[in-house]
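**Q** What follows is a structure written as C-alpha cells; I'll ask about it next.
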C-alpha cells in the first residue's frame, strides 16, 4: 500500500511502528492460512516473538510498501515466518529493500483460546533447511525464557530531572484495548502493540536529542502473555545506552485487566529499540551522551554497550563475508 502522511513523522519518514505493524499482519495471514490448511480444529495464529529487525533504509510518504512473507520452519506448535519489505518510488520506479524480519507464531484454537493446536508440517527442499530451522527454534525458545525471568523492572516518575538523564526522557503511554485492536479471539494484534511501543520509544529518543529521529533496529520482541480486550495497557520506555550516533531504548508493556478480571497487572511484552538522530537533510547527527545517575542505570548502560558492541561485530563480520 502507499504510505500516507499519517504513517510518517513530521520529517516525512515512515514510522518504524507502521512498518512493524504491516510485517506482523503479513506474518499473521500466512501463519493462519497454513495452520488451517488441513482439516482440523479452526485456529488463529498469535504472535509470540519477533527476532532482531534492522531498518535498512528509510521509507517516505508517497512510496509504495510491498510486504511479502514465507514460512521457513514449523515445529509441532509454532511457525517461523520470514518477511521482506520493499519500498517503491512510483515516480521513478526505483525499488529498495527496507526491512527483513523473522517472526514466530503459535496457533490458538477458536473454541478454546488457551489451547495451542498442532501445526501442519511443511516440506523442506533440503534436510539442512530443517536442521537450521530447528536450531533457530531452540535458540529463540531459550532467549524468550531468559528475557521473561529478568522482566521485573518498573519505570517510576522523576521530579525535575536534568537534561540527558534517564528520567528526563522516559515516557509512558496508557491505552484501553478496544475491539479494533484485537484478533478474532479477542486478544491484541501483535502489530498494534509493536506500533505503540515504537511510538513511545520515538518520544524517548526525540526528548533526549531534540532532533528528527528514525528507528534503526529493534532487538528481539518477546510476547510473554496475551493481552485481552478490555485491558488497560501501559507502554513504558527509557533510555538505556547511547553511542556516538545511536540510542538504545528499553520498552515494555504491562497489562492491567480492567473488566471482570481478578488478575493483577502483568508484564506482557518487552524489547529494545535503537534510534538514530538525523539532520534536516537526513544525515546522521551526534547523539548527546546519556548521563547515568544510579547504580541500576549504570548497569543497564553497560549491558546496552555489550549489545551494541556485539551487534557491531556481527555487522562487520557480515560485511567482510560479502566483500569476499
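Just so it is clear, glycine is given a Cβ too, placed from its N, Cα and C backbone atoms.
Whatever TrEMBL says is automated annotation, not expert-curated.
For 1-111, 167-281, the entry in TrEMBL reads domain 'HotDog ACOT-type'. Taken from TrEMBL, the feature active site covers 9, 198. TrEMBL lists 292-324 with the feature region 'Disordered'. Residues or ranges marked as compositional bias 'Basic and acidic residues' in TrEMBL: 296-306.
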**Q** What does DSSP give as the helix, strand and coil breakdown of the compositional bias 'Basic and acidic residues' (296-306)?
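**A** Here the numbers are 11 helix, 0 strand, 0 coil.
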**Q** Could you tally the C-beta atoms, other than its own, that fall within 10 angstroms of the C-beta of residue 9 (active site)?
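**A** Result for residue 9 (active site): 16 neighbouring Cβ atoms inside 10 Å.
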**Q** Counting by DSSP, what is the helix, strand and coil composition of the domain 'HotDog ACOT-type' (167-281)?
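**A** Across the domain 'HotDog ACOT-type' (167-281), DSSP assigns the residues as follows: 26 helix, 54 strand, 35 coil.
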**Q** Can you tell me how far the Cα of residue 9 (active site) sits from the Cα of residue 198 (active site), in Å?
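**A** Pair distance, Cα basis, whole Å: 12 Å.
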**Q** Does residue 198 (active site) have same-chain partners at least 6 apart in sequence with Cβ under 8 Å from its own Cβ, and which are they?
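**A** The list for residue 198 (active site) reads 15, 16, 17, 20, 215, 218, 273, given in order along the sequence.
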